[in-house]
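Below you'll find the structure, written out as structure tokens, and then a few comments.
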Amino acid sequence: MELMREWNRTAVMEFILLGFGNGPGCQMIPSVLFLVIYTVTVLGNTTLVLIIRVNSRLHTPMYFFLMNLSLLDLCFTSTIAPKAMASFLSGSKVISYNGCATQFFLFCLFLTTEGFLLATMAYDRYTAICNPLLYPVTMSKWVCIQMVVGSYICGCVNSMLQTGFTFMLHYCGCKEIDHFFCDGPPLNSLSCSDTYINDLVTFTLCGLIIASTALIVLISYIYIISTVLRIRSAEGRHKAFSTCTSHMLVVTLFSETTAFMYTQPTWLSSLYPRKAVSVFYTFVFPMLNPFIYSLRNKDVKEALRRTMGHKSLTK
């Protein structure tokens, strides 16, 4: 009997993603909006990856990291967007238990990896501006590959821990997730187990990751700013700052939204529009990243013009 009771507590085979509500407008408007944003995200990030790949002048560490950021944004958004749009359009909001666990694992993996990759990009800018003579040695191709792989390893470790703790909980009764994808806090709120340990693990891991990556970025930019201010020519200062402003904007937006979502107490998080904030870092930021980096970057714009000009001549 005890085994049967335990089975009834844990035998949840599927969840229901509530999304943004049950009304017709609550389904159609998000589906159209997500489709437009996802299409722009795929086109923008794919274009940026292809531009970097086909232009030899962009085969530098900075653009290597930027290309990996675009690939990461594609994977990150694709983890959530197709299922969300399918749920909105078909009306079927059901997601299997294994599907939910897989989506949550990939979401944590790509989100954490992006945080570490942004910190790596800040270190790259620090090395390029503060130690230009050692830059080719310090940021060799092999070192850049190791840094990207290390970012994914850190993301994988965090994702395995978060997913393991979350799906070890017992789920019984209500299976409705008040979100448009499988995220930790909404899943914890469904559990009939004590979630104190899970909340503590989430707060500790997310706090350590955000604090460590933010510290790397902060220290890097303190050195960068102090070095740039010592440059005598205004043109030199402008050129140095122009390579950093885009990255600073992306890091600020990413850090603030993730910190807001995952480092506040559970009782406080229910008072804020979690789903609205989630839309920004799962959809809007991956869409904006290629435009932020390319519109403020002369090298990328010049490479795009050369690529388009070459295609026109070929035709």
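Every residue, even glycine, has its Cβ placed from backbone N, Cα and C.
Quick look at what TrEMBL annotates:
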TRANSMEM  28-51  transmembrane segment
DOMAIN    44-293  domain 'G-protein coupled receptors family 1 profile'
TRANSMEM  63-81  transmembrane segment
TRANSMEM  101-121  transmembrane segment
TRANSMEM  142-161  transmembrane segment
TRANSMEM  200-224  transmembrane segment
TRANSMEM  245-264  transmembrane segment
TRANSMEM  276-295  transmembrane segment
Same chain only, please: residues at least 6 beyond the ends of the transmembrane segment (200-224) with a C-beta under 8 Å from a C-beta of the stretch. Say none if there are none.
112, 115-116, 118-119, 122-123, 125-126, 129-130, 154, 158, 161-162, 165, 184-185, 188, 240, 244, 248, 251, 255, 258-259, 262-263, 265
Cβ-based contact of the transmembrane segment (245-264) with the transmembrane segment (101-121), 3 or more pairs under 8 Å:
yes
Going through 28-51, 63-81, 142-161 one by one, which has the most CB pairs that fall under 8 Å from the transmembrane segment (101-121)?
142-161
In terms of Cβ proximity under 8 Å, which residues at least six beyond the ends of the transmembrane segment (28-51) contact it?
19-20, 58, 66-67, 70-71, 73-74, 77, 81, 84-85, 88-89, 180, 283-284, 286-287, 289-291, 293-294, 300, 303-304, 307
If I take every residue in the domain 'G-protein coupled receptors family 1 profile' (44-293) and average their pLDDT values, what number comes out?
87
